[in-house]
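Visitor: This is the structure I want to talk about, given as structure tokens.
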Amino acid sequence: MQRPFLLAYLVLSLLFNSALGFPTALVPRGSSSSNITSSGPSSTPFSSATESFSTGTTVTPSSSKYPGSKTETSVSSTTETTIVPTTTTTSVITPSTTTITTTVCSTGTNSAGETTSGCSPKTITTTVPCSTSPSETASESTTTSPTTPVTTVVSTTVVTTEYASTSTKQGGEITTTFVTKNIPTTYLTTIAPTSSVTTVTNFTPTTITTTVCSTGTNSAGETTSGCSPKTVTTTVPCSTGTGEYTTEATAPVTTAVTTTVVTTESSTGTNSAGKTTTSYTTKSVPTTYVFDFGKGILDQSCGGVFSNNGSSQVQLRDVVLMNGTVVYDSNGAWDSSPLEEWLQRQKKVSIERIFENIGPSAVYPSILPGVVIASPSQTHPDYFYQWIRDSALTINSIVSHSADPAIETLLQYLNVSFHLQRTNNTLGAGIGYTNDTVALGDPKWNVDNTAFTEPWGRPQNDGPALRSIAILKIIDYIKQSGTDLGAKYPFQSTADIFDDIVRWDLRFIIDHWNSSGFDLWEEVNGMHFFTLLVQLSAVDRSLSYFNASERSSPFVEELRQTRRDISKFLVDPANGFINGKYNYIVETPMIADTLRSGLDISTLLAANTVHDAPSASHLPFDIDDPAVLNTLHHLMLHMRSIYPINDSSKNATGIALGRYPEDVYDGYGVGEGNPWVLATCAASTTLYQLIYRHISEQHDLVVPMNNDCSNAFWSELVFSNLTTLGNDEGYLILEFNTPAFNQTIQKIFQLADSFLVKLKATWEQTGN
């Protein structure tokens, strides 16, 4: 029997990923596309994987380390405004902020009448506007001759500490007094005369390293001195105004902005009496901030640099079509506000419905506390049961995305897990009766925590792994919240939870990862990508929970070996998950050449679940892996024509996805397959996680340049002419926070939103 895997309300929890709070300055979701032009960043070498066992399916460089030498590339569109070095004079209107750290000292008299002094650091933030004088304006016309220098004088006051006086106490000891002093300071920001002023787009940090020395006289009349190094790092972001107009390109230029930082330095020395003395001096540090306006995009290759050393253009797609269906149209009005409002409403409803399906429930009183039902439906179809997989994914979503995960519900779920592990079922005896873990592979249970004994697809080996992942997150939450577990349940500490529940599920993975089982759709018995990847993730996550004394234990060594074995098995072409015949991940290789194509949304679900945080990036098949992204492309391509709901005449935006192209399950029986909320949301989640990863980690976008490097996703869904740039096995690298990067991220955002727009429109049409 087939089943839909998760109730629709549970699936909607995946929508949480669409509201991750990306920086709007980096990703202007609602703005139209514009041209991107830049050139000439320096290249740096590849970085290796952080784990020796994790060999990927493709060679993907890390965010900032790439091989080869540089060439020039630009991103543009015939309908967009080119940002290039130009003869236009523009106004720099964004202020820059300079932070000065100084030391402030003051004096006071103690109870013995002695004068004492104390010092503390002080940080002064000064705004230095990179702007033209009020008389200048930015016009939409070009200049024919160099302009005069524009110098802006900014006056401010620096609070510093100065030497005041010395005095001699009764015992002959000399004390020094310091006073706080206000020093008027002038910063000059100069935009040098030039016939070509180019857009300032990057935050440019400047670091000044200097050595500061000072002298002082101790009570014996000796002169002491001390020196210390000091590093001053200042970031001055600038941007051009909005009324720009370009005519013709010229060579990139570099603009220097000169200013002076006035600060107070301190140093220490030891006098003849062995005492440590401190002296302060005021120091003016001339500083020049240099803005190089030529950075942007770099081409490099898998095996060698492009032979063409001239510049080339990569054009972003304005419209994406698949068999006549508009996936997204950048030229049309793309207003994300209605979608955002709908997502916020739906998130609230989704959380409410999820908790209604977890016992104790006022809506379904027969559900025991901690039991998660797959669906409230009890006839046509009857899914009023609990599945290990569904329960774990539900709890995982609650802990990961709910502001209030309801700790008592989590503890009740742990209690259910504890007892199900120790309950006999059709696969064998519970772990309370034997050390054999085979019974943990039973996927389906009654809502009263008794075994379901009717025929079913057994075993399903992903359940214990998914349960481990969810419970490890619960352990983290308990530790962070400081929750007292009390004596109500059979575990009184997080150590008990790990030893009495998680350890047994890990033992199951060690014993049975290389054994056949049914897939997550409960249809095919074999070895499956989804099962293996979540098993790998569970083992990998668990290793950080062992204390120092356990890390050399035989059990932990078994876990490490299992991690190596699963990783190697997944990426070995001989096992078929990566197959030269296909440009996507194969879910179940044993049927790929006979019953199915192997294309399956479960591969995206696996990547989304395993790579939900940057800490898992060392595991294979990350969300930026070309194999994962190309799988999404092929799912869209195949399912566009399968389902009538994707007919362009019914809805002009987006593609609804199903489980796999050959699916004939309609939610109750065998007939005609259909799209699923779970599958469509999974596609959005993959892309949102891709965006979030690059922004939060400040990673460059790395795009393979041809089919040998697997670029179907990029060439068919993002760029319009990627395959025409050359035949070498190359990469297109879009540096973080450049115009090329930001506008490409916007395209991916539109593609991700298109799936939810499709979902929203369909539900509104049907009244859901």
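A Cβ is built for glycine as well, from the same backbone N, Cα and C atoms used for every other residue.
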Visitor: Where does the N-linked glycosylation site label fall among Asn202, Asn721, going by Swiss-Prot?
Guide: Asn721
Visitor: Measure from the CA atom of Asn646 (N-linked glycosylation site) to the CA atom of Asn547 (N-linked glycosylation site) and give the result in Å, rounded to a whole number.
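Guide: Checking the Cα atoms of Asn547 (N-linked glycosylation site) and Asn646 (N-linked glycosylation site) gives a distance of 53 Å.
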Visitor: Can you name the residues of this chain that are 6 or more positions from Asn424 (N-linked glycosylation site) yet have a C-beta less than 8 Å from its C-beta?
Guide: Gly430, Tyr433, Ala439, Ala451
Visitor: Using only C-alpha positions, which one of Asn435, Asn514, Glu522, Asn646, Asn742 is spatially nearest Trp456 (substrate binding site)? These are the recorded positions in the record.
Guide: Glu522
Visitor: So if I measure Cβ to Cβ from Asn415 (N-linked glycosylation site) and keep only same-chain residues at least 6 apart in sequence, which ones fall under 8 Å?
Guide: Pro369, Gly370, Tyr489, Pro490
Visitor: Cα distance, Glu522 (active site, proton donor) to Asn646 (N-linked glycosylation site), nearest Å?
Guide: 27
Visitor: Counting Cβ atoms within 10 Å of each candidate's own Cβ, which of the glycosylation sites Asn435, Asn514, Asn547, Asn742 comes out highest?
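Guide: Per the Cβ count, the most surrounded site is Asn742.
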Visitor: So how many other Cβ atoms are close to Asn646 (N-linked glycosylation site), meaning within 10 Å of its Cβ?
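Guide: Around Asn646 (N-linked glycosylation site), other Cβ atoms within 10 Å: 23.
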Visitor: Cα within 10 Å of Asn514 (N-linked glycosylation site): which of the recorded positions Asn435, Glu522, Asn742 qualify?
Guide: none
Visitor: Do me a favour and check the Cα-Cα span between Asn742 (N-linked glycosylation site) and Glu522 (active site, proton donor); whole Å is fine.
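Guide: So the Cα of Glu522 (active site, proton donor) lies 42 Å away from that of Asn742 (N-linked glycosylation site).
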